[in-house]
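> Here's a structure for you.
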Amino acid sequence: MKQRTLSIIKPDALKKKVVGKIIDRFESNGLEVVAMKRLHLSVKDAENFYAIHRERPFFKDLIEFMVSGPVVVMVLEGKDAVAKNRDLMGATDPKLAQKGTIRADFAESIDANAVHGSDSLENAHNEIAFFFAARDL
């Protein structure tokens, strides 16, 4: 089934200048970029986006990291886009990620792990709406 999902290329990947390589992974695996923008998250936006993690011990570090530099936010579309994106990203901890996944190839740590991807179709819908107006899609 054709779906849309949200992907964020995080500040560590932008600093390494691997944005193009990451986008190529998506496109060469059947995911089309239907909307994209580069921005610098404010603390408030990062806190709102990651509100589900507010009570977790890593929340403060996550917010500091996500506002430490620009990010690239994209809507990816394709067959089973949510699951495909998750597979391409690999495990959250790059040390556990399979060889050939984005995190195994480009991430440094569980915190600086290169990419974010929606974990469900419902969250994809909400996350896309957080960054993109319907007219932009």
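Here the Cβ of each residue, glycine as well, is placed from N, Cα and C on the backbone.
Straight out of Swiss-Prot:
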- K10, F58, R86, T92, R103, N113: ATP binding site (BINDING)
- H116: active site, pros-phosphohistidine intermediate (ACT_SITE)
> Quick check on the binding-site residues: of T92, N113, whose CB has the lowest count of neighbouring CB atoms inside 10 Å?
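Among the binding-site residues T92, N113, the sparsest Cβ neighbourhood within 10 Å belongs to T92.
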> Restricting to the chain of R86 (ATP binding site) and a gap of 6 or more, list residues whose Cβ falls under 8 Å of its Cβ, or answer none.
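The list for R86 (ATP binding site) reads G117, D119, given in order along the sequence.
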> Out of R103, H116, which has the highest number of nearby Cβ atoms, where nearby means within 10 Å of its Cβ, if these are the recorded positions?
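Going through R103, H116 one by one, the largest Cβ count within 10 Å is at R103.
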> Using a 10 Å radius around each Cβ and all protein chains in view, which of these binding-site residues has the most neighbours: K10, F58?
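Of the binding-site residues K10, F58, the most buried by Cβ count within 10 Å is K10.
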